[in-house]
Amino acid sequence: MELGSCLEGGREAAEEEGEPEVKKRRLLCVEFASVASCDAAVAQCFLAENDWEMERALNSYFEPPVEESALERRPETISEPKTYVDLTNEETTDSTTSKISPSEDTQQENGSMFSLITWNIDGLDLNNLSERARGVCSYLALYSPDVIFLQEVIPPYYSYLKKRSSNYEIITGHEEGYFTAIMLKKSRVKLKSQEIIPFPSTKMMRNLLCVHVNVSGNELCLMTSHLESTRGHAAERMNQLKMVLKKMQEAPESATVIFAGDTNLRDREVTRCGGLPNNIVDVWEFLGKPKHCQYTWDTQMNSNLGITAACKLRFDRIFFRAAAEEGHIIPRSLDLLGLEKLDCGRFPSDHWGLLCNLDIIL
């Protein structure tokens, strides 16, 4: 979760920060909740009451005032929402979203096309969470991709998915705080193995989630991550990118390797890392840098964060390494998801999702 060109003055300052204050506070909430083993809403209350100073807030939580009146003011842990999202049959709330054409349905059925969605679903934003979760899940049900890569999943969101998406197998990078997830359509994608690679110096609970699968006789290695956030953590983010690329290089030559996730990358950071290896491509660049799906974090178009500065960045990216015997799987198209506001007046996430279709050469 989570500027580029921004407007002058305050807008330029917003880009230098790389992420608004509200986002930093959500990360503090996650850290607090992890330490205190409490709900994120409880963490937010204690941090806000203590001027967002972690140590003061934790002391307040673990050593509350003994007066009865003070105890009564302590917020109760908020239980998991009782309404669950049905991934399998819910109508999309985006009336303008074009549906999959019959030819694409046929291509999926006969195995000549492979589809994926990657989306930072902004689970740390608790406002309108149930409505936004329904919005995200309606897109997943509409497009029914073979693989779904999600970032910023939180336990209640995971429960939505786990309880109502029986047609998908879900692998997560963690089970507490916030984490990534990979969802595999059981009818097409056969899981062979999975692994989690820790980022040893992360300050934000980040890691690399990998699964090895088989699709229509093709061996694939699928990866997702949520790289370190904010401008101030660029060095750590670049180290994490290097780990991702190294892992992609180490995958068996017989496998097609796909990484999809929220990289938080600025183009200059990729350049500073030496660029991508010769055998790994950025799918957006491979497809000719289409303008319609360039920016996945766009505060001019997306009002969820309430930022006045017009900031556009391509945080969410897909990296692709073909198998040694090239030509079996080829990226074909890329589109944005989640561009319409929901009935609650907000978008499903502060990020747009990415829908990628790939051709399988039979």
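Just so you know, the numbers here start at 1 and follow the chain as drawn.
The backbone N, Cα and C atoms fix where each Cβ goes, and this holds for glycine too.
The N-acetylmethionine annotation in Swiss-Prot covers Met1.
Summarising the annotation, Swiss-Prot assigns region 'Disordered' to 1-20 (among others).
For Lys23 (among others), the entry in Swiss-Prot reads SUMO2 cross-link, with the evidence type a large-scale study or a structure entry.
The SUMO2 cross-link annotation in Swiss-Prot covers Lys82 (among others) and rests on a large-scale study or a structure entry.
Positions annotated as region 'Disordered' by Swiss-Prot: 87-109 (among others).
Per Swiss-Prot, phosphothreonine is recorded for Thr88 (among others), and the stated evidence type is experimental evidence.
Here Swiss-Prot flags Thr92 (among others) as phosphothreonine.
Residues or ranges marked as compositional bias 'Polar residues' in Swiss-Prot: 94-109.
Long-range contacts of the region 'Interaction with 5' end of substrate DNA' (120-124) within its own chain (CB-CB distance under 8 A, at least 6 residues past either end) are made by residues 1-2, 26-27, 29-30, 40, 132-133, 136, 150-154, 156-157, 178, 226, 261-262, 304, 315-316, 348-351. The feature region 'Interaction with 5' end of substrate DNA' is assigned by Swiss-Prot to 120-124 (among others).
Using a 10 Å radius centred on the Cβ of Glu152 (Mg(2+) binding site) and all shown protein chains, the other Cβ atoms total 25. Annotation source Swiss-Prot lists Mg(2+) binding site at Asp122, Glu152.
According to Swiss-Prot, the site 'Interaction with 5' end of substrate DNA' annotation covers Tyr178 (among others), on the basis of similarity to another entry. DSSP gives Tyr178 (site 'Interaction with 5' end of substrate DNA') a coil state; it is part of no helix or strand. Counting Cβ atoms from all protein chains shown, Tyr178 (site 'Interaction with 5' end of substrate DNA') has 28 others lying within 10 Å of its own Cβ.
Summarising the annotation, Swiss-Prot assigns region 'Interaction with 5' end of substrate DNA' to 226-231 (among others) and lists similarity to another entry as the type of evidence. As a summary of secondary structure, the region 'Interaction with 5' end of substrate DNA' (226-231) carries 1 helix, 1 strand, 4 coil according to DSSP.
Secondary structure at Asp262 (active site, proton donor/acceptor), taken from DSSP and collapsed to helix, strand or coil, is strand. When Cβ atoms from all protein chains are considered, those within 10 Å of Asp262 (active site, proton donor/acceptor) total 29, not counting its own. According to Swiss-Prot, the feature active site, proton donor/acceptor maps to Asp262, an assignment based on a curator's inference.
Positions annotated as site 'Interaction with 5' end of substrate DNA' by Swiss-Prot, on the basis of similarity to another entry: Trp297 (among others). The secondary structure of Trp297 (site 'Interaction with 5' end of substrate DNA'), as reduced to three states from DSSP, is extended strand.
Look at Swiss-Prot and you will find Phe315 (among others) tagged as site 'Interaction with 5' end of substrate DNA'. Within 10 Å of the Cβ of Phe315 (site 'Interaction with 5' end of substrate DNA') there are 25 other Cβ atoms, across all protein chains.
Secondary structure from DSSP puts His351 (site 'Interaction with 5' end of substrate DNA') in coil. What Swiss-Prot records for His351 (among others) is site 'Interaction with 5' end of substrate DNA'.
Spatial neighbours are here defined as Cα atoms within 10 angstroms of one another, and by that definition the neighbours of Asp122 (Mg(2+) binding site) among the recorded positions Asp262, Trp297, Phe315, His351 are His351. Mean predicted confidence for the region 'Interaction with 5' end of substrate DNA' (120-124): the pLDDT average there is 95. Here the recorded positions are Lys23, Asp122, Trp297; the one with the fewest Cβ atoms within 10 Å of its Cβ is Lys23. In three-state terms derived from DSSP, Lys23 (SUMO2 cross-link) belongs to a helical segment. The 10 Å shell around the Cβ of His351 (site 'Interaction with 5' end of substrate DNA') contains 27 further Cβ atoms across the protein chains shown.
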